[in-house]
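Asks: Here you go, one structure.
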Amino acid sequence: GSFPKYGNDDDRVDEIAEWVVSTFSSKLAKQHTYRNSVPTLSVLTITSNVVYGKKTGSTPDGRKKGEPFAPGANPLHGRDAHGALASLNSVAKLPYTMCLDGISNTFSLIPQVLGRGGEHERATNLASILDGYFANGGHHINVNVLNRSMLMDAVEHPEKYPNLTIRVSGYAVHFARLTREQQLEVIARTFHDTM
């Protein structure tokens, strides 16, 4: 539909995400805990977004039955259509004070979006993007700078990429060690090609 989608720096929907985190956190805080511990919350999935997605029916946002959920605090694959910075801004709005165990954002860019002037320019531009994310309240980010086509080739020809390491959701792994289903989920994620 034409409704607003999380991941596009649109307060109409980003405020719903903030509300969900705040409401869940406040309800969790009211529960009795073992040894009077302080409950904390995290927004991360490792790879459970694939497993839980397989067991869950369709959702109101258009996700089909059996499809993976978004990893961590990421927008659902392809929903963040207004560029890399808009996606980062949406995630940075989530209230970290209520998620002290972390808000995981696994973020992928194609190398060219960081500039065409060489490695130094790309590194400088990436550092600027990360500085902005942290200045806006972001805390935890995993960054991949690569092309989707390379991952697709690595699925078919893993022997060509024995050391291809990617960030998944809070951890790094050799791409070949993921299950095929997990590899395809990573490939389906948004690879930002615009700022």
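Placed from the backbone N, Cα and C atoms, the Cβ positions cover glycine too.
The following feature annotations were taken from Swiss-Prot:
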- 1-64: domain 'PFL' (DOMAIN)
- 71-195: domain 'Glycine radical' (DOMAIN)
- G170: glycine radical (MOD_RES)
- 54-76: region 'Disordered' (REGION)
Asks: Look up the residue listed as 'glycine radical' in the DSSP assignment and report helix, strand or coil.
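Replies: The residue in question, the residue listed as 'glycine radical', is coil (DSSP, three-state).
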Asks: Taking the Cβ of the residue listed as 'glycine radical' as the centre, count every other Cβ atom within 10 Å, in any protein chain shown.
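Replies: The Cβ of the residue listed as 'glycine radical' has 17 Cβ neighbours within 10 Å.
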Asks: When secondary structure is assigned with DSSP, how many helix, strand and coil residues does the region 'Disordered' (54-76) contain?
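Replies: Here the numbers are 1 helix, 0 strand, 22 coil.
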Asks: Per-residue pLDDT averaged over the domain 'Glycine radical' (71-195) comes to what?
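Replies: Over the domain 'Glycine radical' (71-195), the predicted model scores a mean pLDDT of 94.
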